[in-house]
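Asker: Here you go, one structure.
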Amino acid sequence: MWSVEHVMSCRRLIFFIVVNEFCERFSYYGMKAVLVLYFRYFLQWDDDLATTIYHTFVALCYLTPILGAIVADSWLGKFKTIVYLSVVYTIGQAILAVSAIHDITDLDHNGKPDSMAFHVALSMVGLSLIALGTGGIKPCVSAFGGDQFEDQQEKQRSTFFSIFYISINAGSLLSTLITPILRAQECGINSQQKCYPLAFGVPAVLMAVALVVFIMGSNMYTKAAPKGNIMLEVCRCIGFAIKNRFQHRSKRYPKREHWMDWANEKYDKLLIAQVKIVLKVLFLYIPLPMFWALFDQQGSRWTLQATTMDGNFGAFKVEPDQMQIVNPLLILAMVPLVDSVVYPLTKKCGLNFTPLRRMTVGMFMAGLAFIAAALLQIQIDKTLPTFPSASQSQVKFLNLENSVLPVTVDGATYSIQPFQACQTLSFPSVPIQMEAPGRFSGRDTVCWNLSSGSRLVNGFEAEVNITAGSKDLGFIPQFGFSNYTQLPEGTSTFLISNRMGQICEYSQSLGFGSSYTLLIPGDFSFGPECAKTIRPIEDIKPNTVHMAWQIPQYFLMTTGEVVFSVTGLEFSYSQAPSNMKSVLQAGWLLTVAVGNIIVLIVAEAGQLPDQWAEYVLFASLLICVCVIFSIMAYFYTYIDPMEIEAQFAEGGPQDKEEKSKNLSMTDVIPASEDKKSEVKQSRI
């Protein structure tokens, strides 16, 4: 029976490690939720480049766990690895937050960085450090927590892991909800812009808190010394087998049952048998990256898709990056539902719903999710303006006179009504010929490229000062115009004033994604009715497809995740040898990394003209891979690793030899030019 002091010590240990994990997951998922929008709207990258860099970052986050596991098990130990890499992680988060401060290089105070290369360089350094930190500590924290309990404390260990995984979900859920709200705020020193520094800064602070809390429990931890890394041992064993087989590739050397049997001269038969089991499972992992290629696009392509949709849910408004919260919410609801209802029902119906069959269904559901995304994208495209291609330009002409103005462009004449704009015109990116009657110096007409946001054009006889909420657009001279300004969805109030102190208040309703030009006409005058003379010209219509239509694709994807990811981890654990479960965990994480690499290859190399076509391409690839995986699963034979290990563990060496006869064959190995010896080869 444990003493009260011992129980309290365990609780304190759980507190330090669980709080650390909660803060770290909040930091990672919070930063990741707004990352693709940071690329798109702060760094001004196009959708393809933003998607490519996003998935490159995610791929690195799932490659570095292998490095972290090797460093912890072979050199520093878990505690020091977590501390050192958490410091790297915190520094990376801080650098990323600093890179998002536009005022650092905004010398002309126009709200846009003057040296974008500086911000890009800082961002890449920060993200590289974050990938190293979060990936490096990923395999260490949960294992370190398990090390705090003795063998006879199974119940306490089980409680710890339950609380541990609740903290992971709580951190990711809250951060996905909160950080988009922080991003949507406006902040800045000289000009107010979307507050990416706050959205990245809060996760940076949480990561610093995670580090401090973890170090506070240092004196109470059980710190196991490094014992060598099984992954390295497995790699050495495989490497020796390949090398030995290559050296004995002549036909005069008898074949062996399995190519790993060529490691018999140096490695124990038990290790070789365990490696065979691992390789058998890893072979099944080959098709799995395609699932992750689709799954991780929730944070990139699907978030960018949400930016072209209406997020007004009546009582509340949803930011595009907040839609990602649908996934963890559905996970919390569906995991217990599937475990307690769906699986028992299939069993009662006599269906043999094996783990590999579940994973096949999960892959198919993810493919259906992307079909749903493609159908939704087709509907969205119908509501979007036609943007110019790389070889085109678009212009719109605005008549500031109180009379019809004919304008001839490349032989085509357009009649522009008073204080109105003509339709959007597309031309090749070459000089165009324009003609208009009378004076034509850019005062009677104004042309601009289409953009997102709102702007004002002053046709009044004197300069005016414009403010929109907290944003000061400054003085606009006669026949001048402001830059497009990002404004929040809803009703925005514009204050128009002159140097004499007269003020006109004008309100304009702005929908998600809409773009307006507000024209102050020549007959404008300050007074009670001044707002009625201002002419709003709609450049881009508001988004009309509601974000709620993304819920079906999130539902299908989450359903696929529940039956694929959860089952895959369970399958890997059950099929792995007792001392090589970490090897298969590393292989599982590697499939996630490769999946993200597939996305960036398709995004850069595919260059499909329509986004819906890219969704269909991914869905088609996954369904094809799903068919291949189902065939591989059909021929897979489930095994009990403990039973196989027991055959080698019981009795002496001679008994082992006898017990492995059913799993072995005899080969003749040339040991030298004039000597041969016989050895038995075990096979699985």
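Glycine is no exception: its Cβ is also placed from the backbone N, Cα and C atoms.
Remember, TrEMBL labels are computer predictions, not curated facts.
Dumping what TrEMBL says about this protein:
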TRANSMEM  12-31  transmembrane segment
TRANSMEM  51-70  transmembrane segment
TRANSMEM  82-104  transmembrane segment
TRANSMEM  116-137  transmembrane segment
TRANSMEM  158-178  transmembrane segment
TRANSMEM  198-217  transmembrane segment
TRANSMEM  277-295  transmembrane segment
TRANSMEM  325-346  transmembrane segment
TRANSMEM  358-378  transmembrane segment
TRANSMEM  551-571  transmembrane segment
TRANSMEM  583-603  transmembrane segment
TRANSMEM  615-636  transmembrane segment
REGION    650-684  region 'Disordered'
COMPBIAS  672-684  compositional bias 'Basic and acidic residues'
Asker: With a cut-off of 8 Å between Cβ atoms, can you find at least three pairs linking the transmembrane segment (358-378) to the transmembrane segment (277-295)? Only pairs 6 or more residues apart in sequence count.
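Answerer: In this chain the transmembrane segment (358-378) contacts the transmembrane segment (277-295) - 3 or more Cβ pairs sit under 8 Å.
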Asker: Take the transmembrane segment (583-603) and find every residue of the same chain, 6 or more past its ends, with a Cβ under 8 Å from one of its Cβ atoms.
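Answerer: Counting only partners 6 or more residues beyond its ends, the transmembrane segment (583-603) has Cβ contacts under 8 Å with 48, 51-53, 55-56, 58-63, 65-66, 69, 138-139, 230-231, 234, 278, 281-282, 285, 288-297, 300, 568-569, 572-573, 575-576, 614, 617-618.
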Asker: Does the transmembrane segment (198-217) reach the transmembrane segment (82-104), going by 3 or more CB pairs under 8 Å (6 or more apart in sequence)?
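Answerer: Result for the transmembrane segment (198-217) with the transmembrane segment (82-104) is yes.
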Asker: Other than its close neighbours in sequence, what residues sit by the transmembrane segment (82-104), given a CB gap under 8 Å and a spacing of at least six beyond its ends?
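Answerer: Result: 24, 27, 31, 38, 42, 68, 72, 76, 111-113, 118-119, 122-123, 125-134, 136-137, 140-141, 144, 188-191, 193, 196-197, 199-201, 203-204, 207-208, 210-211, 214-215.
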Asker: The transmembrane segment (551-571) and the transmembrane segment (277-295): do they have three or more Cβ pairs under 8 Å, with pairs 6 or more apart in sequence?
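Answerer: The answer is yes, given that the two segments have at least 3 Cβ pairs within the 8 Å cut-off.
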Asker: Please report, as numbers and ranges, the same-chain residues at least 6 past the borders of the transmembrane segment (551-571) whose CB is under 8 Å from any CB of it.
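Answerer: Residues 281, 288, 291, 294-295, 298, 302, 323, 326-327, 330-331, 334-335, 338, 355-356, 358-359, 361-366, 368-370, 372-373, 376, 588.
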Asker: Take the transmembrane segment (325-346) and find every residue of the same chain, 6 or more past its ends, with a Cβ under 8 Å from one of its Cβ atoms.
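Answerer: Distal contacts: 169, 172-173, 176-177, 298, 353, 550-551, 554-555, 557-559, 561-563, 566.
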